[in-house]
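Taken from Swiss-Prot, the feature Mg(2+) binding site applies to D7, D8, D53, N55, supported by similarity to another entry. Feature annotation from Swiss-Prot assigns domain 'Response regulatory' to 2-120. For D53, the entry in Swiss-Prot reads 4-aspartylphosphate.
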Amino acid sequence: MKLLVVDDSSTMRRIIKNTLTRLGHDDVLEAEHGVEAWDLLTKNEDVKVLITDWNMPEMNGLELVKKVRAEKKYEDMPIIMVTTEGGKAEVITALKAGVNNYIVKPFTPQVLKEKLEDVLGTGSGEGAAE
C-alpha cells in the first residue's frame, strides 16, 4: 500500500517514513508542501493514505485536505493530519475539512501506528481520540 507523507520539515518526513517502514509500509512517497503533494497524488493513482502537516509553504495541509476532498475519486481516502496545532478549534476545523484522524506533535510511533490502524480499520480502535 502506498502512502504519501507531506511535511515541510525533512526531519519530520524522515521520522514518519521510518516509523511507517518499521510498521511494514515500505512504499512511502514524500512531499514538502501541498502543491508537491497534489502533483504526486494525481500522478500516483495507487496512493491509499495521506499523512499531512498543517503549516507548510505554498499550500498548507488544510488547503490540501479541502482540495483532496473536493475530488470524487479521493473522497474516501484516509487522511491523517500531523501538526503542532493542538487546540480544540484547530482539531474541529481539520475534522470538518475532511481529516479522518489527528496527531499533535510531538508524538510516539505507537500513536502513529494506532491512528493509521484506525483510519484503515485494522486496529483495535484504541487511541482514536488522542
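Each Cβ is built from the backbone N, Cα and C atoms, and glycine gets one as well.
These figures come from a predicted structure and were not determined experimentally.
Excluding D7, D8, D53, N55, which define the Mg(2+) site, the same chain contributes V6, S9, M12, H33, T52, W54, M56, N60, G61, T83 within 8 Å (Cβ to the Cβ centroid), listed in sequence order. Counting residues of the domain 'Response regulatory' (2-120) by DSSP class, helix then strand then coil, yields 57 helix, 24 strand, 38 coil.
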